[in-house]
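Below is one structure, written out as structure tokens; the observations come after it.
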Amino acid sequence: MAASKPSHLSGEAMEVSVEAGNRGDEERLDDDGRPRRTGTMWTASAHIITAVIGAGVLSLAWAMAQLGWGPGLVAMVVFAAISYYTSTLLANCYRSGDPVAGKRNYTYTEAVRAILGGAQVKLCGVIQYANLVGIAIGYTIAASISMLAIKRADCFHDKGHKNPCRSSSNPYMILFGAVEILFSQIPDFDQIWWLSIVAAVMSFTYATIGLSLGIAQTVANGGFRGSLTGVSVVAGVSPTQKVWRSLQAFGDISFAYSYAYILIEIQDTIRAPPPSEAAVMKRATMVSVATTTFFYMLCGCMGYAAFGDTAPDNLLTGFGFYEPFWLLDVANAAIVVHLVGAYQVFVQPLFAFVEARAAARWPGSRFLSREVRAGPFALSVFRLTWRTAFVCLTTVVAMLLPFFGDVVGLLGAISFWPLTVYFPVEMYIKQRGVRRWSTRWVCLQTLSAACFLVSVAGAVGSTAGVMGAVKLHRPFSGY
């Protein structure tokens, strides 16, 4: 009897140990069986700010110059309000049904599939992922322009402002692409929170430098420049050009607030309730939109106040400023670091989509699943091949069409209405059962229709700008 007692106790200990192990595993997993999410309002805000305060902020002075003080300020406030409101609608779509325990939708497209379904799912997917590809191209262009601006700023300082200091941007696009190939091997969104925080700090750095230089230039000018209605027709600009540029300015401003199409993916990094992910995301959206709008208005307004109707389409690389050259170098270096992180924030949802489809199509494939981990990086043959090919493709297209301002306006105009307004509004109406022709339904549809007209107008103006730039550019020349 005495000999059997230890055996009995050993069995009990083993059973308790297994149960404790199971509980430990459960504590490390969320309600959907995935590793426990750790994101907070602050990390979500950092992701949004990284996505929003990007290359778009640098074109706002030019946008203000086309619209003038009156329409320009109104446009920024209106786009900010619309983006915030529709983002709060979209935050409610992360879970289907119950906002705390309902089924999770991991991506924007999944939310559309769960709530709207049908042909709208394919339409949303095409628009969203095409836009993410476009943003990757746009950020490659912007990063190369900033790297080139560092070299040119040093050249102007050494050889004088009248020296053309011409140089190709192609080597810098290739360098940026090589860096993105490396960071693209980080497997998913939740593991790049640190990169987003670094990028957010960099965005504040160059926005603050641009703002400070604008203030200094305004003081040196002895007052504010600009007018109530922007660039005048009599100042060497034809009536048609005035219209196209004004429309493109709307596209630039809408691009500056583009992040709705990655909001669900960002929300999927937030830790489980309580409070609900939607509540946390709404607070993160409020903090982020308020912060970015404050910076946008300061940078856009002070850039316009400093240069008036001659404001460049990129405040820190268009050489409205020449000195202090070292400060311009710091600002442009900060832009490059920020865009490295912003690129990843935007393309990770696309990477996840393609890899999920491949895994579903070829389950159990070692080509897809076998990987080697090294710190935050997870290397697999498929991930290395596909992600590298994607970065190379966006880099080649960027070398073909390096038109920063025109590309920014076109991307913003094309994506603003469907992704920022239409789908969030339609999902909210369906999810909440808003009755057709009720006051709320009419107001939401009126908002959607108005934004549709603005998007069409912005796309037309930006397309005209791109076509004009193509006529003056030699492909792959880098100039």
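Placement of Cβ uses the backbone N, Cα and C atoms for every residue, glycine included.
All annotation found in TrEMBL is predicted automatically rather than curated by experts.
Feature list (source: TrEMBL):
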type: COMPBIAS; residues: 22-35; note: compositional bias 'Basic and acidic residues'
type: DOMAIN; residues: 37-467; note: domain 'Amino acid transporter transmembrane'
type: REGION; residues: 1-36; note: region 'Disordered'
type: TRANSMEM; residues: 44-65; note: transmembrane segment
type: TRANSMEM; residues: 71-94; note: transmembrane segment
type: TRANSMEM; residues: 129-150; note: transmembrane segment
type: TRANSMEM; residues: 170-186; note: transmembrane segment
type: TRANSMEM; residues: 192-216; note: transmembrane segment
type: TRANSMEM; residues: 286-307; note: transmembrane segment
type: TRANSMEM; residues: 327-354; note: transmembrane segment
type: TRANSMEM; residues: 375-401; note: transmembrane segment
type: TRANSMEM; residues: 407-425; note: transmembrane segment
type: TRANSMEM; residues: 446-470; note: transmembrane segment
Among 44-65, 129-150, 170-186, 192-216, point out the range having the most Cβ pairs under 8 angstroms from the transmembrane segment (327-354). 192-216
Do the transmembrane segment (170-186) and the transmembrane segment (446-470) share at least 3 Cβ pairs closer than 8 Å, excluding pairs fewer than 6 residues apart in sequence? no
If we call contact 3 or more Cβ pairs under 8 Å (sequence gap 6 or more), are the transmembrane segment (192-216) and the transmembrane segment (129-150) touching? no
Please work out which recorded stretch in 44-65, 286-307, 375-401 has the most C-beta pairs separated by under 8 angstroms from the transmembrane segment (129-150)? 375-401
